[in-house]
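Student: Have a look at this one before I ask anything.
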Protein chains: 2
Amino acid sequence: MTRWPIPEPMERALALARAAAADGEVPIGAVVVRGGQVIAEGRNAPRATHDPTAHAEIAAIRAAAAALGAERLADCDLYVTLEPCAMCAGAIVHARIARLYYAAADAKGGAVEHGARVFDHPQCLHRPEVYGGIGEGEAAALLRGFFRDRR
Amino acid sequence: MTRWPIPEPMERALALARAAAADGEVPIGAVVVRGGQVIAEGRNAPRATHDPTAHAEIAAIRAAAAALGAERLADCDLYVTLEPCAMCAGAIVHARIARLYYAAADAKGGAVEHGARVFDHPQCLHRPEVYGGIGEGEAAALLRGFFRDRR
């Protein structure tokens, strides 16, 4: 059996996660894709930037909205290496992201299939299509390696 | 009976909400308080900034973290005119805000006492003390007036 290849945007998100780790940040990366092209990128950087909101998804969404000059990213998809937290899931709702692809699930901090399950409430204004698991081995190994090296 | 006065930080948050409305943004304001002093302010500005994450709380938290040069705001309180959404509640967790004071509840978009109830899950890393209702009449009137004028 040949394993299904990781889509290019998720490979780019994994590369951004590696770059975050090299800077001492928890390795998480994200990209926003529109019409098959990566239009914005983000990586986790709360330590370097002194910004508790500087998660990969927030950075990528802000950059995409700035690039498009629009508050909403309705025809855009987000690829991220880890299941989004409540903050990032909320931002995905506000940005009207069409499809969310994430690699590893996060039973502790995730808020899509765990915890707050932000998209699963009747009040949720927008629910993206959600696809999980592609690239999860690579994403989880990056996180494990990062925390092991810090012990 | 004399009504209990609105605390000064909430009065400031209400003033910021009014300023947002004057700029055509949904009127929500927030301030971060440390040691009795307002150290950062924010108001809703997603339309003007083309940034779906530009809620009052996010702006105030980012400004406070930048002012302190710290990723966490552990000895800080947040005052906001409306019950935070999932994104902002998540940011409050990441910032380790000690006390959250909000004016009006938000049955549609709120995620503290409604919907995702972000602080109420066992996975939640940090739960601030939460106080609701003070200034709610003023905050709700601002929102009602804003949406009435736009109909």
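Note that Cβ sites are derived from N, Cα and C of the backbone, with glycine treated the same way.
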Student: For the Zn(2+) site that TrEMBL lists with A:Cys85, A:Cys88, give the additional residue from the candidates A:His55, A:His94, A:His114.
Tutor: A:His55
Student: Between A:Glu57 (active site, proton donor) and A:Cys88 (Zn(2+) binding site), what C-alpha distance do you get in Å?
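Tutor: Rounded to a whole number, the Cα-Cα distance is 6 Å.
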Student: Around A:His55 (Zn(2+) binding site), how many other CB atoms lie within 10 A of its CB?
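Tutor: Its Cβ shell of radius 10 Å holds 28 other Cβ atoms.
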Student: Using Cβ atoms only, which residues of the same chain lie under 8 Å from A:Cys85 (Zn(2+) binding site) while being at least 6 residues apart in sequence?
Tutor: A:His55, A:Asp106, A:Gly109, A:Gly110, A:Ala111
Student: Give the number of CB atoms, excluding that of A:Glu57 (active site, proton donor) itself, located within 10 Å of its CB.
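Tutor: Summing over all protein chains shown, A:Glu57 (active site, proton donor) has 32 other Cβ atoms within 10 Å.
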Student: Translate the DSSP assignment of A:Cys85 (Zn(2+) binding site) into the three-state scheme.
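Tutor: Assignment for A:Cys85 (Zn(2+) binding site) reads coil.
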